[in-house]
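Here is what TrEMBL says about this protein:
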type     : residues : note
TRANSMEM : 20-43    : transmembrane segment
TRANSMEM : 55-73    : transmembrane segment
TRANSMEM : 85-106   : transmembrane segment
TRANSMEM : 164-184  : transmembrane segment
TRANSMEM : 196-216  : transmembrane segment
TRANSMEM : 244-263  : transmembrane segment
TRANSMEM : 283-300  : transmembrane segment
TRANSMEM : 312-331  : transmembrane segment
TRANSMEM : 337-360  : transmembrane segment
TRANSMEM : 372-398  : transmembrane segment
TRANSMEM : 418-438  : transmembrane segment
């Protein structure tokens, strides 16, 4: 639809390395708070006394708010533009509201009551507000890729750099968590809240520093500016709904995020409750996952990409996840140390699937820039809602923790193992099947050499 966005469409210019770097740091606040959200929210809520079902309701409230916000944010960004304004406003809202998610129940203090109903409503409200800001930041940042360059390899490189800083964000979180959990003791309700309060505030500070760097050094994409300066009409939703690839990419992205987010939500439970590893393991095991993910992300930035290569690497990641999921499902407590090895391969699988899955969205968008934000917003809607529902269903069966299941037979498989092992493996298999049927066409691309935004 947009054929003259760059001076030379047949061979779009690649993006410079510095521009890739400054783009990549722009999602750090979202990434570090999301890591805290998925890794520690359920654990925090159950440790302060809420039931698994109430904890799942709070996460579901946040995920649903996130899902609807992504659709509306995508539509408004396509209509009015100004990626950086949406990114900045969303970051401010997310930073302010995230502290209240782990900061204790304010209505409970006002009413002098620790009623589970009041706590659930309070945390659900905070979670919903936080996720609205998170969604605005995510959609604006993801859709910027397509307006920064039409070069398919540069788009994958920017996505890979963004993923690399996701790993940096996660490692930063787990480093902070390791220090907090190692140096403080949580013997009372107040101690537990203080632990997670410190983790939340430190995460916000780290994320805001990188967001500031992004806004200082990244310009509003000139491709989008040029498009708005022409007579090209905004692409309607119906245009995307008529594309088979839209549904294929949407399902693959949903399954990929479902595997990654649900497994992250149950990882801390698994290493502490099922495997009975040391308390530090709930920070060390995720850290290993993200170290291996970071290394793979860096390697992927140095490659040129085609549609077939995207499919091949996605399937490779899916196969690895299937083996990891199977191992987790049946790993006995006596071999808990093997979890460190599994973690390395989970990190590799997550990166292969995430980078290629997100890059498939860029292939779907192509040069149709006037509808790119809607694509990212609508596909994220599926991801958020499905993740919230999956956690809610799993937690509904989590009537008691594995510690109280000792009287059961050794063949008993906990809900945590299903969430961390079986679900990601099934999602990976389904994602590979859909990917195999895709027809991804990417234009000829150069290697990463010249700057675009500089």
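Here the Cβ of each residue, glycine as well, is placed from N, Cα and C on the backbone.
Cβ atoms under 8 Å from those of the transmembrane segment (418-438) belong to residues 245, 248-249, 251-252, 255-256, 258-260, 262-263, 265-267, 269-270, 307, 311, 314-315, 317-319, 321-322, 324-329, 349, 353, 357, 360, 390-391, 394 of the same chain, restricted to positions at least 6 beyond its ends. Remark: the transmembrane segment (372-398) contacts the transmembrane segment (244-263), by the rule of 3 or more CB pairs under 8 A. Remark: the transmembrane segment (164-184) makes no contact with the transmembrane segment (312-331), by the rule of 3 or more CB pairs under 8 A. Note: the stretches the transmembrane segment (337-360) and the transmembrane segment (20-43) are not in contact (fewer than 3 CB pairs below 8 A, sequence gap of 6 or more). Packing against the transmembrane segment (312-331) from elsewhere in the chain are residues 252, 259, 270, 275, 300, 338-339, 342, 345-346, 348-353, 355-357, 360, 413, 417-418, 420-426, 428-429, 431-432, 435-436: each is 6 or more residues past its ends and has a CB under 8 Å from a CB in it.
Tertiary proximity for the transmembrane segment (244-263) is limited to same-chain residues at least six positions away from its ends with a CB under 8 Å from its CB atoms, namely 38, 314, 321, 346, 350, 353-354, 357-358, 360-361, 363-364, 375, 378-380, 382-383, 386-387, 390-391, 394, 419-420, 423-424, 427-428, 430-431, 434-435, 437-440.
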